[in-house]
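Heads up: the structure comes next, in structure tokens.
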Amino acid sequence: MTSSPTVNLLDLDAQGLVAYCDSLGEKPFRAKQLQRWIHQYNAADFDGMTDLAKSLREKLKGRATISMPGIVSDNISTDGTRKWLIDVGNSNAVETVYIPEETRGTLCVSSQAGCAVNCRFCSTGKQGFSRNLTTAEIIGQLRMAEFALRASRGIDGGRATGGDGKGERVVTNVVMMGMGEPLLNYDAVVPAMRLMLDDNAYGLSRRRVTLSTSGVVPMMDRLGADLPVALAVSLHAPSDPLRDMLVPLNKKYPLRELMAACQRYLKVAPRDFITFEYCMLDGVNDSEAQARELLALTRDVPCKFNLIPFNPFPESGLIRSKPEQIKRFAQVLMDAGVVTTVRKTRGDDIDAACGQLAGAVKDRTRLAERTGKAAKVIEVRAV
């Protein structure tokens with residue numbers, strides 16, 4: 001007789017845990033207990049789950065695991081940005097980035113090893129697509145970061161959600177803006193985001209979880225029906241010919257379809273605007289005339305713009321827009337009454353800035369020479 005396969009409980013959201021407990025002959029409330037132990041108390045095994053019946057703990061030992069991906073390296077930038085390189089097996093690695101600010105801490109989470117979209121200005125796409133991450137590998141990034149950050153700040157175990165009312169949560173916002181296109185890994189990303197929102201797990205509000213997409217129109221509609229979180233769209237061009245070149249997915253879902261999908265999404269979104277991300281490329285998409293084209297393109301979509309100075313990498317053949325040109329471009333948008341921000345480049349000395357995530361372990365000597373900046377590197381063993 002063959003034994004049942006072992007289940008990684010990190011792969012299961014609340015509904016999945018209830019179904020799993022039912023398969024063991026257990027009541028639904030056991031699923032909530034398990035979820036709290038795993039996601040709020042960082043339990044690594046079942047022995048310490050003292051409010052579970054011993055018989056259930058014994059069942060779980062033989063049939064389930066709480067398996068996290070391994071950590072290859074842990075780097076801290078001079079500006080406080082922290083990047084983990086995560087081993088997801090078969091020579092694949094993904095990156096997770098924490099960006100601390102005065103009033104919040106934002107975690108940038110990866111959804112795929114590599115990326116098939118292959119945007120011209122993004123180094124991740126240049127490595128090609130390896131595979132989708134599992135739900136465990138996605139939510140595991142938040143679990144790992146939250147408790148690593150708590151430990152580094154001397155915050156004892158306990159609830160990751162700050163449920164004691166003391167506001168102890170370190171990660172206050174999650175952005176699905178790491179490696180990969182989240183909507184092309186929908187079936188793993190959505191359960192992970194459900195866990196991010198679940199009060200028995202991480203308890204984030206829908207306004208504090210943002211999914212960034214290059215514009216997979218049918219899946220935008222599906223997300224709006226299933227789990228509408230805050231939405232960011234990687235726009236980067238005001239016209240189809242230019243966007244076809246910068247974001248090849250545009251050939252399948254052109255701008256007219258994308259703008260219509262944004263309008264539909266706003267009917268159910270937790271925020272009353274879409275964030276359009278726009279990578280500033282010298283002489284490519286940064287003229288004042290193109291800013292006016294953007295205004296015409298998005299006039300029927302309540303939105304804000306996040307202008308992102310391009311972070312160069314050798315294979316791109318592109319150059320970052322000059323600061324004064326970014327300022328002029330932004331002014332055109334702001335003069336029209338559109339909220340516009342220019343993203344401050346963070347973590348570029350550890351290749352953690354926007355567009356730099358490539359999943360490769362780089363030679364740190366050459367990295368330091370190239371950036372002219374120091375990076376604090378913490379070596380950690382796989383867990």
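From the backbone N, Cα and C atoms, a Cβ is placed for every residue, glycine too.
Annotated active site, proton acceptor per Swiss-Prot: GLU95, in sequence order, evidence recorded as sequence analysis. Taken from Swiss-Prot, the feature domain 'Radical SAM core' covers 101-349. Annotated disulfide bond per Swiss-Prot: CYS108-CYS354, in sequence order, evidence recorded as sequence analysis. What Swiss-Prot records for CYS115, CYS119, CYS122 is [4Fe-4S] cluster binding site, and it gives sequence analysis as the kind of evidence. The feature S-adenosyl-L-methionine binding site is assigned by Swiss-Prot to GLY180, GLU181, SER212, SER234, LEU235, HIS236, ASN311. As annotated by Swiss-Prot, active site, S-methylcysteine intermediate applies to CYS354.
Here the features listed in Swiss-Prot are painted onto the structure.
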| residue | record | contacts (Cβ under 8 Å, 6+ apart) |
| --- | --- | --- |
| CYS108 | disulfide bond | THR96, VAL97, TYR98, ILE99, VAL175, MET177, GLY178 |
| CYS115 | [4Fe-4S] cluster binding site | CYS122, THR124, GLY125, PHE129, MET179, GLY180, GLU181 |
| CYS119 | [4Fe-4S] cluster binding site | GLY125, SER214, SER234, HIS236, LEU246, VAL247, PRO248 |
| SER212 | S-adenosyl-L-methionine binding site | VAL175, MET176, MET177, PRO182, LEU231, ALA232, VAL233, SER234, GLU277 |
| LEU235 | S-adenosyl-L-methionine binding site | ARG243, PHE276, GLU277, TYR278, LEU294 |
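The residue listed as 'active site, proton acceptor' is 16 Å away from ASN311 (S-adenosyl-L-methionine binding site) when you measure Cα to Cα. Comparing local CB density within 10 A for the binding-site residues SER234, ASN311, the maximum falls on SER234.
The average pLDDT the prediction assigns to the domain 'Radical SAM core' (101-349) is 93. All protein chains shown were included, and the count of other CB atoms within 10 Å of the CB of the residue listed as 'active site, proton acceptor' stands at 26.
Ranking the binding-site residues GLY180, GLU181, HIS236 by how many Cβ atoms sit within 10 Å of each one's Cβ puts GLY180 at the top. In the three-state DSSP scheme, the residue listed as 'active site, proton acceptor' falls into the strand class.
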